Amino acid sequence: MSLEAIVFDRSEPENVSVKVLDQLLLPYTTKYVPIHTIDDGYSVIKSMQVRGAPAIAIVGSLSVLTEVQLIKHNPTSDVATLYSLVNWESTKTVLNKRLDFLLSSRPTAVNLSNSLVEIKNILKSSSDLKAFDGSLYNYVCELIDEDLANNMKMGDNGAKYLIDVLQKDGFKDEFAVLTICNTGSLATSGYGTALGVIRSLWKDSLAKTDKADSGLDNEKCPRMGHVFPLETRPYNQGSRLTAYELVYDKIPSTLITDSSIAYRIRTSPIPIKAAFVGADRIVRNGDTANKIGTLQLAVICKQFGIKFFVVAPKTTIDNVTETGDDIIVEERNPEEFKVVTGTVINPENGSLILNESGEPITGKVGIAPLEINVWNPAFDITPHELIDGIITEEGVFTKNSSGEFQLESLF
């Protein structure tokens, strides 16, 4: 990818720098927001300038690291005044409260919760601020490096599993897949979760095409030939972000509206064989919280006999909550639903309209009566009955003969 969601300069372990891509401005504007404090981390997560469960956990953790290093190196800074730095126990008390505040930015995403629990454990066992800084730095680096490695594993696990299933079913042709929201490089440390599987499927398809063209392999076999990303209202992560990643990677794709899924399945010239979605939280029985619209996609896939897969690392699995009924679903500001935010386009020639600094102008356009009541949940819960498999870095988990997932080995 030409864009990184998170830029983490770790060349000086005791003086790191962090900036995150403002994803609200994509695909037309590239702007990075510096992260110096926990307040900065809270702000970019809450405003959805950064999104995607893995990326949220990484940015949240990095914001703790940058704040700790800021108060250590600059004890007279504004944020340092929140702490009693001469007393380590008092400092730990304030930090714990700050971590709770950070968690409130996105309570549905279990990755952030898990990371902050781990940071609290590190804090508890640290003898002073310097020791905490060093241990926290090591933890954050490991979190980022493992996320990227696990994304690659998930991609390959999911691609291999789907190809094997299609071959067992006797399918030997080109197929298409569906996806919702954004689960790629912009939602993670790189490569992606659900979009990572799609990337691996595309690599597999290119390899098979090369073999066939060279005459090394004339046997027909299943290969992914097209992707249908959903626009993903109301924040349009599919049209703004996933479409951008697919275009950049030159993966054949066609953007569709959230309301056209069923008709696209019925009329697609290439048979749609699977849907891959990410997850913000998977509970013990496999029920999954993900971007609003995921449930309707799962229901439609069930109706048409299309395989529906959730792709997420182990860190997204909540080993305490039993069912999706107990997941707290965040509701967004109703006003976000009444407007569309985008880049201003010249209606005559389709070019971007720029400001005096040469940057594209963004604006909001009202699309609903201001007086109308709005329900705007950020997520929905897909019951495990509608999920055919959960793809992790450990492999693909399917349901037993009783129709239940057994995720205990991941806990």
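Here the Cβ of each residue, glycine as well, is placed from N, Cα and C on the backbone.
Comparing SER214, SER351 with the features listed in Swiss-Prot, the residue bearing the annotation phosphoserine is SER351. SER351 (phosphoserine) sits 36 Å from ASP280 (active site, proton donor), taking the C-alpha atoms as the reference points. Rounded to a whole number, the distance between the Cα atoms of ASP280 (active site, proton donor) and CYS181 (site 'Transition state stabilizer') is 12 Å. Taking the Cβ of SER351 (phosphoserine) as centre and 10 Å as the limit, one finds 10 other Cβ atoms among all the protein chains shown. For ASP280 (active site, proton donor), the same-chain residues 6+ apart in sequence whose C-beta sits under 8 angstroms from its C-beta are ALA53, THR108, ALA109, VAL110, ASN111, ALA289, ASN290, LYS291, THR316, PHE379.
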